[in-house]
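Single-structure report; data block below.
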Amino acid sequence: MLQLKLFAVLLTCLLLLGQVNSSPVPEVSSAKRSRRMTPFWRGVSLRPIGASCRDDSECITRLCRKRRCSLSVAQE
């Protein structure tokens, strides 16, 4: 009976040791930050004409001039 208990304890220790060794390794985060919005949400969230912008991709007309969404390429 003592041998059976000793075998059970040894087997349990081996199983627990295997679980510790197979635990996942944390991933290293990349230095470059990726865009968070999917293409669907980028399309839905485009800014109207006259809204403030930083980039052509933010405007519904794809024209950001003088930090405002523009309708035409050349403004007076």
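Just so you know, glycine gets a Cβ as well, placed from its N, Cα and C.
Taking Cβ pairs closer than 8 Å, the signal peptide (1-22) reaches no residue in its own chain that is 6 or more past its ends. Swiss-Prot lists 1-22 with the feature signal peptide.
Look at C64 (disulfide bond): DSSP puts it in a strand. Other Cβ atoms within 10 Å of the Cβ of C64 (disulfide bond) number 19 in total over all chains. Taken from Swiss-Prot, the feature disulfide bond covers C53-C64 (among others).
Look at Swiss-Prot and you will find C59-C69 (among others) tagged as disulfide bond. Under the DSSP three-state reduction, C59 (disulfide bond) is assigned to strand.
When the Cα atoms are compared, C59 (disulfide bond) and C53 (disulfide bond) turn out to be 7 Å apart.
For the pair C53 (disulfide bond) and C69 (disulfide bond), the C-alpha distance works out to 6 angstrom.
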